[in-house]
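Quick look at what TrEMBL annotates:
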- Cys83, Cys88, His165, His170: Zn(2+) binding site (BINDING)
Amino acid sequence: MSNPFLKQVFNKDKTFRPKRKFEPGTQRFELHKKAQASLNAGLDLKLAVQLPAGEELNDWVAVHVVDFFNRVNLIYGTISDGCTERSCPIMSGGPKYEYRWQDENKFRRPTALSAPRYMDLLMDWIEVQINNEDVFPTNVGTPFPKNFLQVVKKILSRLFRVFVHVYIHHFDRIAQLGSEAHVNTCYKHFYYFVTEFGLIDTKELEPLVSMELHLCHILNPTQK
């Protein structure tokens, strides 16, 4: 039986970005394969995110940041037809959390934007970061910048906001597509990774910790 979620994923919509890929034969490509093999083998996600012996932390983090960008981008793309200027005039995560956009160009101060506008700026901004050789070097031997983890924390914190918006405002659409398990697994993988390496401030994670109705089985699998 065809999966409606996969149909949405492979539908060429303007919200999708070309996937960032790793060049075959590079160390980053091998790390990506190792990470994917662990996931495909059904390894406990808490174990799958741990830094493999002998590997550099920055390389491991870089591989996962690119992978999370690709996955979150696709997840948002599947519900983007229901995330409009009218339905989501403010980028938020429920009534308690509003996310304002700020960058080094047009929006020098935190600015309230609609969710689709925020998402568009966010995906463009992340693309610039991960395609910048000075931030995410692809050549073997080229060192990462000293502020690499600082940049990564900002990227992951902003990607987390996509999960917050999707879960709180568009979960019905996710359920309609029958993709709860897929999205939940993506979030669980993301959550274990950022908490393993302390890449998102605990306070930033609060919006989904309180969503026990949908997420208690993710954050605490033993809870019924």
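From the backbone N, Cα and C atoms, a Cβ is placed for every residue, glycine too.
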**Study point:** Candidate with sparsest Cβ neighbourhood (10 Å radius) among His165, His170, the listed binding-site residues
**Key:** His170
Study note, to complete from the structure: Cys83 (Zn(2+) binding site) has its Cβ surrounded, within 10 angstroms, by a count of other Cβ atoms equal to 21
Review point. If the Zn(2+) site is taken as the center of the Cβ atoms of Cys83, Cys88, His165, His170, which further residues of that chain fall within 8 Å of it by their Cβ?
Key: Ile79, Gly82, Ser87, Ala115, Pro116, Val166, His169
